[in-house]
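Visitor: This is the structure I have questions about; it appears just below.
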Amino acid sequence: MEEGARSCLLLSRSSLEQDIRASYLMDHMISDGVLTGDEEDRIRSKLTRREQATALLELLLRKDNQAYISFYNALVRESYGDLASLLHNSLPLVSPEAEKSFSDGGTRYVQAVLSEGGVPQRPVVFVSRSALVNRVREKLYRLQKEPGWVTVFGMAGSGKSVLAAEAVRDHALITESFPGGVHWLSIGQLDRADLLVRIQSLCFRLEQQSQEKDPSSSLHRPPGSLEEAKERLRFLMLRRYPRSLLVLDDIWDSSVLKAFDIQCRVLLTTRDRSLADCVSGSEVAVESGLEEDQALEILALYVNGKPQRLPEQARSIVRECKGSPLVVSLIGALLREFPDRWAYYLHTLQQKKFKRIRKSSSYDYDALDQAMAASIQVLSEEHRELYIDLTVLEQDVKVPAKVLSVLWDLELEEVEDVLQDFVNKSLLFRDCHHRPYLYYLHDLQLDFLTEMNRSGLESLHTKVVRQYQQRYSQGPPTSGDEECLYWFRFLTYHMAKANLTQELYSLMFSLDWVRTKAQIMGPAHLINDYVEYGAILDKENSEVRGHFQEFLSLNGHQLEQRPFPDVVQLALSQPESSEVYRQALLQAQERATRGGLYLDWVNKSSLKSLSRLVVQPHQGSIYSACFSHDGTKIASCGSSKTLRVFKSTSGEKLLEIQAHDDDVLCCAFSPDDHLLATCSSDRKVKVWSGTLPSAIQILDRLQTDLPDNLTSTDGSRLSVSNLFCVLWNINKPSSQNTMFGHLEPVNHCCFSPDDAYLSTSSSDGTLKLWEVSSANEWKSIDVADVFPEQREQTEVIVKCSTWSADGRTIICAARNAVFVFDIETEAMLLEIRTSRLSTVQYCHACPSSKLVAIALSHYAVELWDIETSKKMADCSGHLSWVHGVQFSPDGSLLLSWSDDQTVRAWETNKVHTSSAVCLKRDSDVLFNNGDITVVAADNRNRLQVRNGRTGAVMFQSEDQESRIRCTAICTQTSAVGLGREDGTIQVLEVPSGASLATLQGHTRTVLHCQFTPEGHTLITSSEDTTIRVWRWRTGECVVLEGHKEQVRCFSLLTTSPSSETHLLSWSFDGTIKVWDMSSGERLQDLVCHQGAVLACDVSPDGQLFATTSADKTAKVWSRASWQCVRLLNGHQDCVRSCRFSWDGRRLATGDDNGEIRLWNVKDGTLLKICSRDNKDAMDSLHGGWVTDLHFSPDNTVLLSTGGYIKWWNVEKGEALQTFYPTGANLKRIHVSPDFSTFVTIDNIGILYILKKVE
């Protein structure tokens, strides 16, 4: 750093330390490339704000001009204008010439010192690696006061020598730390005689330079032995050149270091990490190679061009060079002579033909293969054989020593010793951040090994598989440690590479393998295996491969839950033709003989899978997701504050970034998929590398907390919505245009297909179109005018807009409607009105058809054809608000994301059409001698009667005029009853559909209806607070009046010895009432609870009844005294359900937090709490409210419903089994008398008839 800038920082230091927040500034400095992630972590580790500020300034003082300039700009951006003004007058020159002069050392003095010391000049083509250079300089500064060693180590071709030379090319370092000069000595692989010659040469040079400065000194004869040479060098370094630096380049052997143990300051470079242990001092590892832009700059310099004008093969060449300075330089030198060979050298690199990458240079080896081979040849023969085995490793994969212990059949301690030798010689790298250590090869080392052993690769992979099978003959490892994870991740890879197809089939077509791997690694890796090895598996049986892949794709989000679900039970929901189901049924039957409980979904054949892939990438709501433009990746973000990128085929995570300090509201890929943009409630927009977790651009803070953004088609611009619309050029740190005109916040913006126009949707009720080039308003459409009757009452918010593929129409969403406008005439072409109970959250037009997808707040996604004005599909499956939808670039897939924490991918051509019928949850079921009859309303408001064995429709009524809210089956006649929202009750004959009775009387919604056992009487309860007892054939009615709020349910009471039937009713008014059904007389009126009574159950002997309430209590009442005999406290939420055991000894209660309690009826003591210690991944213990409870006839098993269905061991309070429906929020479950069959309907209308596996 220039002295003026350094002095200014020192003078302003106290003011800066007092005011700045380092965390705000470091984001910008990282984006500018002057601060590394490690440096940021070290600063953030400081406990206080002031300590962080001090650490940042100390680091800044050791950096260059660019760091000073970046720090100044960060102060300006973060509104520290007064502090920035302190630094302004000392800003260094930023011209290329000034930068180059500074980086060269800045003075002729430095050039003279380095020249006299024999330090190599910069390569003809040079690009600075400032982060590494600064690390070396930092270590060298520590030698200022006393002698010591600094070791720079790295693999062949990593640029150690150039790095060391660049580190000492610094004026301040030389004048402050090494005024005696810098003396360079290249060593290499030498015997003692050659080493003596090198030291003699160095001594002669030092004496000669000394004589030039002091003519009275004389030259000595050359030392005759290494011992004499060592003493001569000690004398020269300590007496003639005190405080000088000796650079020993390319040391191979620790014995060489003995000759230089002379108590001076030494910088050495080596491939052998162990040499650092032989000397006292610090070390710098050169593990990372060149960044992509640095490598491109080198190639551009070689061919006298500019990086942005290089041919398309340049980036691919850089990627194949794996960041190696040596390889990039070799390729660059070749291209200088043969500038038309870009494609040829790319092909050469891809084919790993390293011997052809050959060019004479100052480096010791002309070709990469020579450099690699030289490193391996220094190994012993035994270790060389072991090193060759590493050819089987996957690129960028780190392995623990235990894996290699299995491969080599050696004790773990022996393996660690061998690996240490490899690490010391820079033939292997060690990740010290893990315990135990993990080891990995550099890409170039692995490529070299692969090329060297190409003919033996299959046998090497076979060895891996056989050694694994021998070690784990009794079953796979299940420890969950790094070794276990390796085998589950890569065993299939080794089998495929070894061409062991039968072993691969047996493994991957096994439900046991699926269960174990999913439990240890999650489902994404499994799905990826079926995709990656699909071609091999299809040769055996493509149908079976499809069965397993579909099972995992649709149940992956369940396999992410903890506690881990029973995979056999999940698999029993697969179609009966599936191999997954066949294996699951066999295992379930075998386990049932040992007391296991499994349920077969017997009517599943009537359903087809809805989604192609279900992923749960975040904990919390998902606010945005998008396809990459090549369709292979999906990005998502949400309330977890993270950005996640995963494969669109399997859900396998590719990248996860802690992106912002608040909710991440939107994400978008650039057209080339190299960049990702995010915006957040923290009022920042960030542009990310698509492969690395680093922000490369941070745009200034916005004016509101709710921005939204999308990239333009060409990727050069980014639009951001807040109070107005801002257009950014993502290559510059400032906005390009601001578009004013909306009066309320802008909710969404979208570029036209040709990028010429931008549409903005606002809370002011308008949709505006803008010219991008000029930022002028082009057209304005007042969407609020479409809602004239509501405009005055509530505001009309335009949520979003989307352009048709041809750019001629624009589609927007507001309230519960979607509108299509002709852009030329601004006329409305189509209006799509959805359910009045829902709002449209988002819409997106298909790029390849006339379809538009609509995301709705009532958990659904709808597909409409805007040409025919018809709804084409209902995509049901989400369990909460759907925030958005997006088609893939080719229109074949549809993406949706929701508050339920899932992202779903649907195949556009295969989703359920609108003809698909779903049922409502208010149902009744009749179990009769093995037959099952189900009656329920469907989504078209028709009454359906279905065969419970097959799911076939036995009867279907006409559409009803008013919504059906409850149903009942008459057991004595072929009749069903239904209650409607308008208060009407109908009784229909089955299967003719003839109307047997229409009963009018209720003035509001009928909530519950039930036939008496003899079938002559129908009882109904309503929101109008009354209960009516109908002689339904004659229409006679007894009205039971007395409740003050709605009556949701009732129960029949049989009295002894008269056998008269009384009615027990409960209401939201907190009371229980007992009625004489014949006369309508109110027999009892009990004020039971402070809150609404939510459930009631009568004991099997009829002597007791229990009530539960919103006041979080349950009570047990005596029918003899009509007094409360037990008050049950303990629930932390509304108590929603209750049930007596058949022996009357226990009472089960369930609450809205998913907790179930078992009580002793005799004394009111708590016996068990179910599921307290096993909270599921959802908000509730049961995935929702506990809505229904049933005991088995032998009182040993308790059944409960909520978000899913559970069976419990009553004695232990432990879960025996869980059934996960496709939907959620189950209201009620019907149970057969023998407790073997269970019937329910979920919130998306799917009927489940479950039968115990025998």
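Positions of Cβ are set from backbone N, Cα and C atoms, glycine also.
If you look up TrEMBL, you'll see 1-90 marked as domain 'CARD'. Among the features that TrEMBL reports, repeat 'WD' is placed at 657-689, 739-780, 875-916, 999-1040, 1040-1085, 1086-1118, 1128-1169.
Burial and contacts for the listed features, if you can.
Guide: Averaged across the domain 'CARD' (1-90), pLDDT in this predicted model comes to 82.
Remote same-chain partners of the repeat 'WD' (875-916), defined as residues 6 or more beyond its termini with a Cβ less than 8 Å from a stretch Cβ, comprise 557, 608, 610-627, 629-631, 634, 636, 638, 648, 841-849, 851, 853-857, 859-863, 1222-1225, 1243-1245.
Away from its own ends, the repeat 'WD' (1086-1118) comes close to residues 1045, 1049, 1051, 1053-1056, 1064, 1066-1073, 1124-1129, 1131-1140, 1142-1144, 1147, 1149, 1151, 1159, 1161, 1164 of its chain (Cβ-Cβ under 8 Å, at least six residues beyond either end).
A Cβ distance under 8 Å defines the sequence-distant neighbours of the repeat 'WD' (1128-1169), meaning residues of its chain 6+ beyond its ends; these are 1091, 1094-1101, 1103-1104, 1106-1110, 1112-1116, 1176, 1180-1191, 1193-1195, 1198, 1200, 1202-1203, 1208, 1210, 1212-1213.
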Visitor: Six or more residues beyond either end and a Cβ under 8 Å away: which residues meet both conditions relative to the repeat 'WD' (999-1040)?
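Guide: Result: 965-973, 975, 977-987, 1046-1050, 1052, 1061, 1063, 1065, 1067, 1073, 1075, 1077-1080, 1082.
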